[in-house]
Amino acid sequence: MTLLALLDYTAVLVFALTGALVASRAQLDIVGFAFLACLTGIGGGTLRDVLLDRNPVFWIADPVYLVVACAAALLVFFTAHLIESRYRAILWLDAAALGVAVAAGSGIALALDQAAGIVVVMGIVTGCAGGLMRDVVANEVPLVLKQGELYVTCALAGSLAAAAASWAGLTPASGAAICAAVTVTLRAGSLAFGWRLPVYRARPPRR
Amino acid sequence: MTLLALLDYTAVLVFALTGALVASRAQLDIVGFAFLACLTGIGGGTLRDVLLDRNPVFWIADPVYLVVACAAALLVFFTAHLIESRYRAILWLDAAALGVAVAAGSGIALALDQAAGIVVVMGIVTGCAGGLMRDVVANEVPLVLKQGELYVTCALAGSLAAAAASWAGLTPASGAAICAAVTVTLRAGSLAFGWRLPVYRARPPRR
Amino acid sequence: MTLLALLDYTAVLVFALTGALVASRAQLDIVGFAFLACLTGIGGGTLRDVLLDRNPVFWIADPVYLVVACAAALLVFFTAHLIESRYRAILWLDAAALGVAVAAGSGIALALDQAAGIVVVMGIVTGCAGGLMRDVVANEVPLVLKQGELYVTCALAGSLAAAAASWAGLTPASGAAICAAVTVTLRAGSLAFGWRLPVYRARPPRR
């Protein structure tokens, strides 16, 4: 298995776990679990492939991705009651999935020799779109837009690191590792220690 | 007209009726009716065509689909007040559209010789995506995620039936008929008799 | 720069301003501003390009579009407090962007020799989809569906004007100008003077 496929598998698996956990909070049945797990797991990579016109889309070329997402749904369906805070589990699994997916997305754009700006966008799209679809469909506040937390910022920093690593001549594997590490570290720091950027605050208008 | 085109026309028409009924509940004007009717009618098939890279998308190849959806919007605009419960009308029309669209989606994937897993997914996507877009845009609780009802499950069962029929050597027409029958029967049973799968219920954690 | 690229640049810039203003109302950080600005700015044109299978998508072919959207985000981040009513600013900038984007979308479909129905749909998609994505992601009531206002209607009228101008043999530049003028005039009339179409109102059912 190539490095990029391995990253995609891991991202699909971990995002699918978060989708299934959201399904458990919404008290859906097993098919609802599988639906949200697949949407979250393959959503980001699918958007990336459609935008880059990669044919066929990764999970059509290899339907095992769907099996992985459904297995994650099954696992969560029978074990979610063992978890003390499903919301915290979603946040932390989502952070891990974000790191891997950003590495997968930027790696694939680099392998296609895209411009640096496109590499960065594809990292962000692959990392953020699946979770965004999950939250919009399940009608939760999108993690992407949660005030006072780093989310897209982590994906942006990770993608920039991947682009820089490639520009510096590092191997794709090192680049992916650095990218995932930067993304997860920033996101974990935001979750655990409240790292954040200054947010916009309305000041009274001049007159 | 081929069988697959006929299925697509029917699905577009009936889904468009549900979109227009949602517009009537939101008290939109005639263009709002046409917008929601087109979105709901062609949304699922469009996503299917983009994912399968069918070019051009079905309603670009044949804009008559748009005429059908707009005619449905016009019909509902002038007759919706005759319906006693528009919400019940939406539910039952949506059930009929779901059956036809799942048959269209799985049939097209079979005609393209896709793997069984992809046939099943395309049936689900074609069946569920239009209604999901309608509900997300109109800010209603998506039917897809309504607790304690079968929805994606019906599409899944119908697609599996279509794949099995094709594997057993039945003609595409028989396969489509079986697929639509399975889907609509399950959905109607869920609406009328409360058929359902066990839902996830949080049990107290072990400690 | 060709006329169509100029229209796309302008639409991206002005839509990006509206996305950033929505981000300021949600008190996001600078990366959140850039995210919503890019989504709103390039969302409509991206959907158009995916549907028409234009490869590569316009902002992948020319990443300067992303720079424009990010610059708009930066500008708003530092100046939004100077604006007295950000909601009014969003409405009016959105009206201007709508006009330009409809002209860009219908112009590109005309340049590809699409059927008149597709030209109209591409005008509407390019004009409305970016703002719709912005509103769905930010969980605001979509402008597209606001009761008692013209929105999709303006895009429809503008696109019809563009198709008619092309049919009448006018130059693309005149067609684009007429299209944008029709769209913006209708939308401005709706905002300023309350122009509207009759909305559907439930009458008591016959029995």
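Positions of Cβ are set from backbone N, Cα and C atoms, glycine also.
Annotated features, as they stand in TrEMBL:
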DOMAIN    B:6-80  domain 'Glycine transporter'
TRANSMEM  B:6-23  transmembrane segment
TRANSMEM  B:30-51  transmembrane segment
TRANSMEM  B:63-83  transmembrane segment
TRANSMEM  B:90-112  transmembrane segment
DOMAIN    B:91-164  domain 'Glycine transporter'
TRANSMEM  B:118-138  transmembrane segment
TRANSMEM  B:150-169  transmembrane segment
TRANSMEM  B:175-197  transmembrane segment
Dominant neighbour of the transmembrane segment (B:175-197) in B:6-23, B:63-83, B:90-112, B:118-138, B:150-169, by Cβ pairs under 8 Å: B:150-169
Beyond the flanks of the transmembrane segment (B:90-112) by at least 6 residues, Cβ under 8 Å: 3-4, 7-8, 10-11, 14-15, 17-18, 21-22, 44-45, 48, 52, 54, 118-128, 130-131, 143, 151, 154-155, 158-159, 162-163, 166, 172, 175-177, 179-181, 183-184, 187-188, 191
DSSP composition of the domain 'Glycine transporter' (B:91-164), residue counts helix/strand/coil, works out to 59 helix, 0 strand, 15 coil
For the domain 'Glycine transporter' (B:6-80), the number of residues DSSP places in helix, strand and coil: 63 helix, 1 strand, 11 coil
Other than its close neighbours in sequence, what residues sit by the transmembrane segment (B:30-51), given a CB gap under 8 Å and a spacing of at least six beyond its ends? 8, 11-13, 15-20, 22-24, 57-59, 65-66, 68-70, 72-74, 76-77, 101, 104-105, 108-109, 122, 125-134, 137-138
Note the mean pLDDT of the domain 'Glycine transporter' (B:91-164), expressed as a whole number. 92
